[in-house]
Amino acid sequence: MPYKISRAAYAGMFGPTTGDKVRLADTELFIEIEKDFTTYGEEVKFGGGKVIRDGMGQSQVTRADGAVDTVITNAVIVDHSGIYKADIGLKNGRIAAIGKAGNPDMQPGVNIIVGPGTEAIAGEGKIVTAGGMDSHIHFIAPQQIEEALMSGMTCMLGGGTGPAHGTLATTCTPGPWHIARMIEAADAFPMNLAFAGKGNASLPGALTEMVLAGATSLKLHEDWGTTPGAIDCCLSVADDYDVQVMIHTDTLNESGFVEDTIGAIKGRTIHAFHTEGAGGGHAPDIIKICGQPNVIPSSTNPTRPYTVNTIAEHLDMLMVCHHLSPSIPEDIAFAESRIRKETIAAEDILHDIGAFSIISSDSQAMGRVGEVAIRTWQTADKMKRQRGRLKEEKGDNDNFRVRRYIAKYTINPAIAHGLSHEIGSVEIGKRADLVLWNPAFFGVKPDMVLLGGSIAAAPMGDPNASIPTPQPVHYRPMFASYGKSLTNSSVTFVSQASLDAGLKGRLGVAKELVAVKNTRGGISKASMIHNDLTPEIEVDPETYEVRANGELLTCEPATVLPMAQRYFLF
């Protein structure tokens, strides 16, 4: 007779299984395990007296004959594709298999072979997600990269050269010389990195040379002059070389209004940064473009979610970030035109219905690089409390809402920027850039961050202690953050044209250079998983009220948020 144990005892030993529910941090979001790939009674687990021992759950199979490098056991996978439990096998820095791990010589249904050369990571009671991607980075300070890594981000895309004033305001690495220096610098950091060139030009020559120098994308920013002519020129170069274009439109409406920008885009695919407008863009109605089928709209995290402090904070941030002076009335008017509680409130709802597709940081330039995940889940929690269950939900859980929101900082930015063949989801064949979370700390403080299958960061106690847990416990770089392991565990993304032109040999960098692809006509708003809605947006020019398909979008600011002070006492 098989031995029977209670669900509680089973969850305590092997983690939750099909039908069990897990609360995410201190939010009101509850996930339910949809499927468990294990064979009950044949689970593998590492430890004294446990299963992964020689002749038991560990086989004699060599790596050459199919054993994996690492197995993550009994993990709850939270991904855009579903919420399920499985073992994960890693090999050659990639996800080799998802399913049932063990010894095929004595266990049924094994598709992940554990051998003497296999390392074990205990996923029991843990959540595994794909590493996050932050697609709106001002590379102002290299220290941002460690901050982002420790928050669960494994890819950063943006522009800059350090604390130059152009970088403080705009996400552009201008010109081939600066792009080369940034690609060289990338070898020092445990992070997948990608750099954007400056897209503001009326003739294509300077833009073309930036793409050939390795830019994965081109950024149009109003501080450099986002005119209709510059928009058209930039998109034409992008179409020629298969790179994405990101746009920050003309707040002052000097060279045209939102309709003129839409006209200049001419139906071509484009990623619209901070589409609500507080981060910049046609005042007061840039938010309209989230209804365009060719526009991929995103948010930056300072407006996520709308709270009682959002408006006051933004005015001061904006003055600093855009080199404005509080003693100049025109500068104050410029700042005030961008900060509108009505459009920020509407942004919450547009995220919840899947009309906004991506959340990013805007690091040190009106955004916090370590809070992409936190702000995403705070928005999801606020919307559940204010709007209730989504109509797409099945069963007594929040699975669909969770899948919608995790897509905003994993798969969708990866698709938008031509990286989804490598990153963005927990999927066989993709890079093993994975994050383990204790559910109580989900989205706030990871348990472990893997880059290319190696541990790059984790909380760790006193290195002189007799065990790993004594205080002070804080995040520390792990072995994938050092030496050649660093350059073999992460990559730098570049354009295909730059690879074809011999960029790697020319720069002599150690990291693998990987080309972006399918950023233009092959994708659109419809490609944004769980976030592809294109409502018709109207903005009242006097009251700033926002309507989607005729429905007024409004909500109250939050006075209390989850995932906040409770988690940051020390």
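Using N, Cα and C of the backbone, Cβ positions are placed for all residues, glycine too.
Per Swiss-Prot, the feature domain 'Urease' maps to 131-570; the stated evidence is sequence analysis.
What Swiss-Prot lists as Ni(2+) 1 binding site is His136, His138, Lys219, Asp362, and the listing cites sequence analysis. Residues near Lys219 (Ni(2+) 1 binding site) in space but far in sequence (CB under 8 A, at least 6 apart, same chain), listed by position: Gly158, Gly159, Thr170, Thr171, Cys172, Ala196, Gly197, Lys198, Gly199, Val245, Met246, Ile247, His248.
For Lys219, His248, His274, the entry in Swiss-Prot reads Ni(2+) 2 binding site, with the evidence type sequence analysis. DSSP assigns Lys219 (Ni(2+) 1 binding site) to a strand.
If you look up Swiss-Prot, you'll see Lys219 marked as N6-carboxylysine.
Annotation for His221 (substrate binding site): spatial neighbours Ala169, Thr170, Thr171, Cys172, Lys198, Gly199, Asn200, His248, Gly280, criterion Cβ-Cβ under 8 Å with sequence separation of six or more. According to Swiss-Prot, the substrate binding site annotation covers His221, on the basis of sequence analysis.
DSSP assigns His322 (active site, proton donor) to coil, not to a helix or a strand. Under a cutoff of 8 A between CB atoms, and with a sequence separation of 6+ in the same chain, the neighbours of His322 (active site, proton donor) are Ala169, Asp223, Gly280, Phe334, Ala335. According to Swiss-Prot, the active site, proton donor annotation covers His322, on the basis of sequence analysis.
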> Taking the centroid of the Cβ atoms of Lys219, His248, His274 as the Ni(2+) 2 site, which other residues of that chain lie with their Cβ within 8 Å of it, listed in sequence order?
Replying inline: His136, Thr170, Thr171, Leu220, His221, Glu222, Met246, Ile247, Thr249, Ala272, Phe273, Gly279, Gly280, Gly281
> Ranked by the number of other Cβ atoms within 10 Å of their own Cβ, which of the binding-site residues His136, His248, His274 ranks first?
Replying inline: His136
> Do you know the mean pLDDT across the domain 'Urease' (131-570)?
Replying inline: 96
> For His138 (Ni(2+) 1 binding site), which residues of its chain lie six or more apart in sequence with Cβ-Cβ distance below 8 Å?
Replying inline: Gly158, Gly159, Gly160, Thr167, Leu168, Thr170, Thr171, Asp362, Ser363, Gln364, Ala365
> Taking the center of the Cβ atoms of His136, His138, Lys219, Asp362 at the recorded Ni(2+) 1 site, which other residues in this chain have a Cβ no more than 8 Å from that point?
Replying inline: Ile137, Gly158, Gly159, Thr170, Thr171, Met246, Phe273, Thr300, Ser360, Ser361, Ser363, Ala365, Gly367
>> Under a three-state reading of DSSP, tell me whether His138 (Ni(2+) 1 binding site) is helix, strand or coil.
In response: strand
